[in-house]
Ligand SMILES: Cc1ncc(COP(=O)(O)O)c(C=O)c1O
Ligand SMILES: Cc1ncc(COP(=O)(O)O)c(C=O)c1O
Ligand SMILES: [Mg+2]
Ligand SMILES: [Mg+2]
Ligand SMILES: [Mg+2]
Ligand SMILES: [Mg+2]
């Protein structure tokens, strides 16, 4: 019996994508071996690799100016790889600070250049409850790039419109909201996202890079760390994480079969409406710290009146077959992560449980 | 029907390790989700992670001075990460050049310090047919480390005794012969190996590091790239490639069940003896370019009298259910990769085929 999985990442995957993997785990398409036993230079694996890229290109509407890369090391490696490629000791980059992940990205940039805080919504208690407004950004037109975290997995805030940053390339950590809906990719210099929330297992990092932007990257850094190396070799410069990419392919094929990103967006908005609806109609019991315009569609954060009730909520939900609801240690309370594999039905079950919990324990 | 898989990497995996993965792919130990859907901070995954480390520690006899790390990016990332941690623009490192992989490692080191060629067996035709002898090494006692490639996957050469490098830390790329037999880990400052040959799928890099050595690493590099960051966090600083590590755990458990590294060594020596035996008794037909003392136990390279015969050999072997035999484009000919998952029986089948091929086509 599968449980309802609200894990923040690694997260639940769509059952059809997993079943497909299971059914051919020992013998991939009659080849007599698992896909993970195939050479990354053989035609069987390369077809999977290329299909993953073309599905992503199609679903997201990636223009010819941009290229998909499969890297590793998670978003945390990108925190360092981005400034390694684009900063020098004398150049700056503008960071928009909206939580723990932006802070980590900012810290890594200091080893290569002069990152600046161009906006922050940090509060005196060090927490964040919203993203900055356009009029709060103090941008430097000479910055090498502007960096933002599109969705703040821990605090449950999200950029619903991306800021205007002029002609400076926009770099976005989309780890926790990549592929929940269509976006205008042409506005970004580089997008990165660990696969383990919306589109696969951990172990592969998706990058969508503006080819002209990465071509301007430093040449005096190791070949392995240059984006151009992976771009020129179609992410086959060295051995990629083939099985993780295969699973991403399975998830992308499932998304396409369901109706693509239009359908994902519809479902995700419906799921978020169900949860924020349950919070708001029980607002004397559930407290949502995030300001309304910054509420995340992916990670819904709320608090019950006491630590005991937070714990009881998690424990009773678990008995009802729902797991992964404990908030991050930094933010506390409850966090419901509703990535693409979580169904509207799953969320309806939780929303009903939330109403019921108020009646019995409120 | 599974084929006999002689792929050089990604390579064949032991069937029991794959079957175990298949059987619990949708529901890991009754938890209602796949192991890849579990949080990397949850007790279910952490038990797998810790078991992989303790199995490796036990099998290889890793002393308490050393620590196992799970990183990503393959050996190619280590080519850059090692010098990033241990070199400064003014310090040198000694590289022992034995093939394409040592050359790539050497090139990446130039971005951080002054790597030196302390020995090379390169020939005028740019190929390599042996590893250096101890008396050929021109070591610098002030080098930050000595780097070698323990097994040269492409040319089929292998270090059968590791050189004496005095008090300088020895760093080894063991990508293609890690865990084929016990070694004295205490002699190494750092060992690295992509999992995709002897112990798992691609997507995770095994590192065994001397704790005192990595503690002396640079502190002015990004936190993510410091070995100490991953050591201090038990390889859970950020999201590790959980499913790849789970598969490594399955392979290690299978190795232990079979009798550990003593048994692996026995089998691997028997496999190599079968293949070199077939080559040597048909030496008018099969030509082994590698000098006898440097012959690899993992990758057996030989040439038939013509390109046509090389191609016919690969094609007929494939009809007989054996794949992955084409030599690397750099070396040409035939390469038989006989990592741990390849059985003695598999190799006997190939050796018999080799004798037969000489009779019919020789
Ligand atoms: C927005 C965001 N960025 C970065 C990270 C770190 O990702 P990784 O663990 O893949 O390095 C996370 C992890 O949850 C995240 O949610
Ligand atoms: C000895 C050796 N080192 C390094 C590599 C490169 O490894 P990766 O593709 O994991 O970066 C290989 C790949 O086959 C290898 O055999
Ligand atoms: Mg955050
Ligand atoms: Mg390779
Ligand atoms: Mg080599
Ligand atoms: Mg994480």
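Just so it is clear, glycine is given a Cβ too, placed from its N, Cα and C backbone atoms.
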Residue among B:50, B:125, B:173, B:280 sharing the pyridoxal 5'-phosphate site, where TrEMBL lists B:75, B:76, B:101, B:153, B:196, B:238, B:239 as binders: B:173
Pyridoxal 5'-phosphate binding residues B:75, B:76, B:101, B:153, B:173, B:196, B:238, B:239: largest Cα-Cα distance, in Å and rounded to whole number: 31
Between residue B:41 (L-glutamate binding site) and residue B:153 (pyridoxal 5'-phosphate binding site): CA-CA distance (Å): 36
Among B:41, B:153, B:173, B:197, B:238, B:239 (the recorded positions), residues with Cβ under 8 Å to chain A, listed in sequence order: B:238, B:239
Cβ-based isolation winner (fewest other Cβ atoms within 10 Å) among the binding-site residues B:76, B:238: B:238
Entries of B:75, B:101, B:173, B:196, B:238, B:239 (binding-site residues) sitting next to ligand 5, with Cβ under 6 Å as the cut-off: B:101
Distance, residue B:197 (N6-(pyridoxal phosphate)lysine) to residue B:75 (pyridoxal 5'-phosphate binding site) (CA atoms, angstrom): 12
